[in-house]
Amino acid sequence: MFRLQLISAFFILLFSLSPVSANFDYFQLVLTWPASFCYPKNKCQRRSNNFTIHGLWPEKKRFRLEFCTGDKYKRFLEEDNIINVLERHWIQMRFDETYANTKQPLWEHEYNRHGICCKNLYDQKAYFLLAMRLKDKLDLLTTLRTHGITPGTKHTFGEIQKAIKTVTSNNDPDLKCVENIKGVMELNEIGICYTPAADRFDRCRHSNTCDETSSTKILFRG
């Protein structure tokens, strides 16, 4: 109960942040599909059966902001309850739990590369809480399944995009694909975009890693 109260207090603090002008145009919340990311299976020490956070990226309309000036990542302490919450939403799949929670390599990388670029709006803890809050509002796996897109099946770019747009107020997501097997395009990540205040969805700039033609089927790896 005490842990839940602490987490609730974190979110109350996040919502009470004073508005400040942003130096970026929108956020992209990037969610990774573990079955694709972890292929072949020995690539990951741990994995999830649902989408997990890759990062929350402040972006300009024409380019991504990276490695901005500011204080570098400070590791969260073991007794800090945010680690337990991050472990559920932002899994460091390439590392075992002990190493991941102690060294925090993915969280450090993402904050130093992207999070610092929105420091005028969100400090380190607020940045991570924001990413988790945004993910909590989405259930992309259920959304895809509702539209017949289930793990192990293939669909066109348009079919996947149309399904995701039903939960983004019709704003384009950024579908990100890889070829783990030559000639087989598969869905690796989904980017969902928001205004700097994270109060509304926004349109994502396409990264153009997927074949968007109607003749190509994209694998949603099972």
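Each Cβ is built from the backbone N, Cα and C atoms, and glycine gets one as well.
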Among CYS68, CYS177, cysteine joined to CYS117 by disulfide in Swiss-Prot:
CYS68
Need the cross-check against Swiss-Prot: the disulphide partner of CYS177, picked from CYS193, CYS204, CYS210.
CYS210
Same RNA site as GLN92, MET93, HIS109, GLU110, ARG113, HIS114 according to Swiss-Prot: which of HIS54, HIS155?
HIS54
Tell me, by DSSP, whether GLU110 (active site) is helix, strand or coil?
helix
Restricting to the same chain and to sequence separations of six or more, state which residues have a Cβ under 8 Å from that of GLU110 (active site).
HIS54, GLY55, LEU56
Which of the three DSSP-derived classes (helix, strand, coil) applies to CYS117 (disulfide bond)?
helix
